[in-house]
Amino acid sequence: MTMNHQVMPGITYEDFLNLDYTPADSELVCTFHIDPAADMDMEAAASRVASESSNGTWAELQVEGGITDLSATTFDIDGNTIRVAYPDELFEDGNMAQVLSCIAGNIMGMKAVDHIRLLDCEWPESLTTSFPGPQFGSDVRNEIFDAGDRPITATVPKPKVGLSTDQHAKIGYEAWLGGLDLLKDDENLTDQAFNPFHDRLTESLSYRDDAQDETGEKKSYLINITADANTMLERADVVAEQGCEYVMVDVVTTGWAAVQAVRERCEELGLAIHAHRAMHAAFDRLEDHGVSMRVLAQVTRLCGTDQLHTGTADLGKLANEDTVGINEWLYSDLYGMTDVLPVASGGLHPGLVPELIEREGTNIAIQAGGGVHGHPDGTRAGAAALRQAVDASVAGTPIEEYADDHPELQTALDKWGTETPR
Ligand SMILES: O=C(O)[C@H](O)COP(=O)(O)O
Ligand SMILES: [Mg+2]
């Protein structure tokens with residue numbers, strides 16, 4: 001127990017502010033942007049953030065008897081940026097839902113602030129290592145595939161829903177033959193009547209086997225198991241039984257508690273987890289409110305997915321927050337925790353690949369849906385063009401030059417150039 005956190009009878013929110021405080025190594029430090037309400041000064045708002053997110057409330061408390069000291073402390077205010085230290089004992093080990101109910105809970109709707117955004121977390125060792133982290137991380141590129149130093153590649157059949165199982169699986173086959181590594185389900189395709197989960201799994205893996213035989217290359221499938229936790233566990237079991245290497249989970253919509261359950265089962269099954277981030281922008285798109293994608297990525301790494309969509313460094317169709325900085329965090333040393341392979345996706349096509357690799361490097365996965373299936377000569381040619389763009393970029397050959405003797409790439413460049421789509 002530290003005196004700085006001492007909770008006394010008569011405690012008010014002011015007790016949660018101490019600008020002379022130095023956080024202990026064991027504490028979780030969170031950085032927030034806050035805009036205080038019109039009738040609130042910065043210190044009053046900042047102390048209320050620490051109070052409401054740890055053990056305080058709006059009223060002055062009269063506490064009888066000793067209690068465990070779990071108060072957070074706002075220890076730094078710099079303009080509208082504040083830093084808050086949370087004692088380790090506030091948190092339940094390995095329970096991400098509980099952690100988020102503290103640091104991104106009630107405070108997000110508190111009237112003392114007009115806006116509040118959780119920008120970043122500095123995770124202490126004990127709390128961090130109570131989570132499993134990824135099993136494989138970016139090693140999937142060479143543990144599952146034999147990709148050497150190139151990015152792995154994936155495609156989502158389009159239209160994103162509505163294709164029959166047979167159509168969907170055949171598109172996968174075409175994409176694999178064209179040179180891509182992964183077929184990927186779209187975020188809103190799970191187990192609908194037009195394309196049932198189990199049929200899709202079986203048929204796609206059968207085409208996967210054919211594609212491997214015909215190309216001599218390893219191929220795999222990111223099948224979307226997103227559902228309630230029990231259903232996801234059943235689906236993961238079947239995916240492993242049928243010899244696939246991955247499951248895909250929409251981590252934000254299903255929730256991190258369910259992701260943690262899947263992660264545990266995938267350890268037993270030896271499956272890698274691909275994380276789609278659908279709905280992340282509800283948390284992170286407003287610049288002054290919510291939870292940053294950086295923090296969502298941190299949470300996802302701790303919960304243990306191997307791959308995570310982190311945007312396209314502004315090259316694609318979706319708004320992105322600091323893809324490169326987030327990717328660096330995902331690779332960074334974190335008490336020995338395995339890294340995460342960032343996935344670039346959303347409006348990519350072959351002409352954007354050199355600049356994408358320039359910005360993000362080669363330790364990534366590149367996914368293109370429309371940028372493969374919208375190729376004038378169809379999916380197989382579109383897949384070939386994407387792979388050619390990757391191979392050229394990794395070799396340091398300008399794609400325009402590479403396209404001279406790679407007609408699929410030339411056709412893609414003629415159609416889309418190097419423009420960002422809308
Ligand atoms: O799930 C995804 O990442 C998207 O479906 C990407 O599709 P696009 O490549 O056609 O933009
Ligand atoms: Mg999608």
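Backbone N, Cα and C atoms are what each Cβ position is placed from, and that goes for glycine too.
Record check, TrEMBL: substrate site residues include LYS160, HIS309, SER345, GLY346, GLY347, GLN367, ALA368, GLY369, GLY370, and the candidate from ARG141, ARG277, ARG285, ARG387 also listed there is ARG277. Checked against ligand 1, the recorded positions LYS184, ASP186, GLU187 give ASP186, GLU187 as the ones with a Cβ under 6 Å from it, listed in sequence order. Between the CA atoms of GLN367 (substrate binding site) and ASP186 (Mg(2+) binding site) there is a gap of 11 Å, rounded to the nearest whole number. Separation of the C-alpha atoms of GLU187 (Mg(2+) binding site) and GLY369 (substrate binding site): 12 Å, rounded to the nearest whole number.
When secondary structure is read from DSSP and collapsed to three states, LYS160 (substrate binding site) falls in the coil class. Ligand 2 lies under 6 Å from the Cβ of GLU187, out of the recorded positions LYS158, GLU187, LYS317. Counted over every protein chain shown, other Cβ atoms within 10 Å are most numerous around LYS184 among the recorded positions LYS158, LYS184, HIS309. DSSP assigns GLY346 (substrate binding site) to coil, not to a helix or a strand.
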